């Protein structure tokens, strides 16, 4: 019972790199350092590497299920847990994805409000972004892929800006290596879950890839790219900030940009925040695409209608999140749920699916 | 029908974005961009803020305009200053922030908050302590620039080629937040009509403690970073001096027994060129003597300086961080208790590379 998608709607396997990296690398990267460093201090870069390796494992698990099932998350859930429980689980995942879009959208608007325009209203800005998202997602998966390709390639120059703070850095801050216990390391991995999540969308767009089996290595490359960028940013942050100072900074990555001074631009972080709009759009697009696609399959409704509903919910909740403390609390919950979905749900699904698969073979 | 609804929706969104999504514009010509700000003590918990705004005259000369206001909070003084400013005063182009000595003695922690919290303030901002009143220092005009740019160029020049160690707001905050190290700032004062860097102000936490002894400035900078081109005056005999120029330096910290009672030995390697000497001759024996004397003098100055830091319980040289980075399960409290009594030795190696064009 596999899903067949017409060839003209599918994308080349190598584009999975941009889809995976594009959805991982977004809002979390601007602020993930503090939460990790507050637990493991100067060893935070190690937990970034460990998380990266764990995610490689998860990608492998997802592909091993998908390659057998030839479907997507909804069919896998149905085959593993039966129709009712399976669909219920899928709906939970869709709700999680929806709240993730709210996190990304609202966090970005908050950054614009704090760093650039304090008087900017949330709702007109959200409306314009969501209009663009509607336009992109209704144009189909190929356009969504194209947008995530551009969003990885166009702002790539920002990578070089992370080398500038090294001038004022002290590499002694990284020593001594591995000065924290395994328990602390494990706890710190939990805080990185939100910034690394994004790979779960493979479970949705797998049928839309030509020769999907061959795309696995590109998914791994995508995750590798994300991990190395996070590692670079984490190391630079740790050598640039003293530990106690880092604990009081909300967006360390934007603070890294504050030290950059160009003859024509006094405040580089404004260029950074503006470029981040390009980085952030495809995440929201891929997420909305996945969520609406899931609803379409479960309830057999048109994807466009599902999308309009999701956009409306996202818009309303984003507007209700008005204060920093509320947004922070929402992000915290989101991070907990991300951790649960990525590191508990997917491995359990993996085990259950393979048991069911073996049983069905025998039967 | 559906198409019409869609078009209406799109138009509605565009219109609402245009009407409600606007923020008030700030036109550069209608703003007063402050280039320097100074804080003075004005009674318990009150500060007097002075802002300097460059004025670009039609004859291409640059003048100064200063605003002053008194309040408990820095941002509130900004509002009060705006009461007497024709154009809105903003601080996005701030280059220098000065704290008067009196204010610094009472602690500047609360005043630093605005510099950190406001995203429009650069991390490269140069903070300094004013010897005397900051207002007095800022209202005067020096050189051909406005005071803010002049002061920032003055400090910058002395960081690059003089004896002010590399610092900016970011590095200052790093030291201020860190439990292991204490910050320092340059001390700026007036000398007649001119302004000059009078030395280094040492802080304990957010409070100004004392100024670094003039003789210790060279060794202070050498122990913080690599010197690229500095000058060093060496006393050979009672009234005989020699100047070593283009001094390069490197230093290395070694820590023994970090777990229990740390012992720190600092190796400093200095290379320089003789540029001016009293009592002309510079033969081989004389050079050897200069090297020996320089080593002795630097070691003496270094030991004295570190000893005085230990006595006042401050650590602007990041020795605590050096020990922390070499010790597993480092105990901050224990280190801070031990710090005044631990053994710190300094060993200097001197190389005289050249002696100019005469012998």
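Positions of Cβ are set from backbone N, Cα and C atoms, glycine also.
Bear in mind that TrEMBL entries carry predicted annotations, made automatically and left uncurated.
Here is what TrEMBL records for this protein:
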type     : residues  : note
TRANSMEM : A:12-32   : transmembrane segment
TRANSMEM : A:44-63   : transmembrane segment
TRANSMEM : A:84-109  : transmembrane segment
TRANSMEM : A:115-137 : transmembrane segment
TRANSMEM : A:149-168 : transmembrane segment
TRANSMEM : A:188-209 : transmembrane segment
TRANSMEM : A:221-241 : transmembrane segment
TRANSMEM : A:270-295 : transmembrane segment
TRANSMEM : A:307-327 : transmembrane segment
TRANSMEM : A:339-357 : transmembrane segment
Top Cβ-contact partner of the transmembrane segment (A:188-209) among A:44-63, A:84-109, A:149-168, A:307-327 (pairs under 8 Å): A:44-63
Other parts of the chain folded back onto the transmembrane segment (A:221-241), taken as Cβ under 8 Å at six or more residues beyond its ends: 16-21, 24-25, 29, 32-33, 36-37, 42, 44-45, 48-49, 51-52, 55-56, 59, 159, 162-163, 165-166, 168-171, 173-174, 195-196, 198-199, 249, 252-253, 255-256, 259
Stretch in A:12-32, A:84-109, A:149-168, A:270-295, A:307-327 most in contact with the transmembrane segment (A:339-357), if contact is a CB pair under 8 A: A:84-109
Contact yes or no, the transmembrane segment (A:307-327) and the transmembrane segment (A:84-109), 3+ Cβ pairs under 8 Å, gap 6+: yes
Spatial neighbours of the transmembrane segment (A:84-109) far in sequence, C-beta under 8 Å, 6+ residues away: 26-27, 31, 73-74, 77-78, 120, 122, 125-126, 129-130, 194, 197, 200-201, 276-277, 280, 283-284, 287-288, 290-291, 294-295, 298, 310, 313-314, 317-318, 321, 327, 330-331, 334, 337-338, 341, 345
Contacting positions for the transmembrane segment (A:270-295) when only residues 6+ beyond its ends and CB under 8 Å are counted: 19, 22-23, 25-27, 30, 72-74, 90-91, 93-94, 97-98, 100-101, 104-105, 108, 111-112, 115-116, 129, 132-133, 136-137, 141, 144, 147-148, 150-151, 154-155, 158, 161, 198, 201, 204-205, 254, 257, 301, 303-304, 306-307, 309-311, 314
